[in-house]
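Just below is one structure, and these are the notes that go with it.
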Amino acid sequence: MAQEQGVPISEVAESGPGLAFIAYPRAVVMLPFSPLWACCFFLMVVLLGLDSQGGMYIFQLFDYYAASGMCLLFVAIFETLCIGWVYGADHFYDNIEDMIGYRPGPIAKYCWLFITPAVCMATFLFSLIKYTPLTYNKKYVYPWWGDTLGWLLALSSMVCIPLWIVYKLSMIKGSLREVRLLTASATSTLRDNIELAKIGLIKLIL
């Protein structure tokens, strides 16, 4: 498309969903039942005209902050830390063995404990260091309150796990060590029940 239009690839669609409005009509022609898909596409275009003119700016704000990789990395960091260090990689190994019948290779354990959290943390820090304020179409610069709203949208999904951890820790009785031992005991009991169920099923079949 860039060659046919005689423009650089970066200028085919600078930002936003512009690329879809260029690529989609071309793709529709090559699909079966292309008239049907063309009608659906242009109906969508007509309905887009009925929306607010500020909708695209709100969409960009939400997509850049709340749905960005930074939020996903933050959640992934807590997930890996909770599985590898709080719940325990060995317990997670036992759960996987109960489900699939064998233990995965040892490299998976080291990934849960060290490699995956380190990679996620490094990528998250680099994203913060290289952060640039949001712009739309390389022309419109969002005001300070727009960036503030964007960070609030991002924090609305990022702080859920830390807040829930603090809430649960404030509600439990006993020390963290006692809670961890209780979790390990519950896991062992579950495995014993599964083994007994397997033995009972084998006896029933025989």
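Using N, Cα and C of the backbone, Cβ positions are placed for all residues, glycine too.
The Na(+) binding site annotation in TrEMBL covers Leu48, Asp51, Ser52.
Feature annotation from TrEMBL assigns transmembrane segment to 27-50 (among others).
Taken from TrEMBL, the feature transmembrane segment covers 62-89 (among others). Long-range contacts of the transmembrane segment (62-89) within the same chain, counting only residues at least 6 positions beyond its ends with a Cβ under 8 Å from a Cβ of the stretch, are 109, 112-113, 116-117, 120-121, 123-124, 127-128, 134, 150-151, 153-154, 156-158, 161-162, 165, 180, 183-184.
Remote same-chain residues near the transmembrane segment (110-129) are listed as 69-70, 73-74, 76-77, 80-81, 83-85, 89, 92 (criterion: CB distance under 8 Å, separation of at least six residues from the stretch ends). Residues or ranges marked as transmembrane segment by TrEMBL: 110-129 (among others).
Per TrEMBL, the feature transmembrane segment maps to 149-167 (among others).
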#### Entry: Beyond the flanks of the transmembrane segment (149-167) by at least 6 residues, Cβ under 8 Å
61-62, 64-66, 68, 70-71, 74-75, 78-79, 82, 134, 142
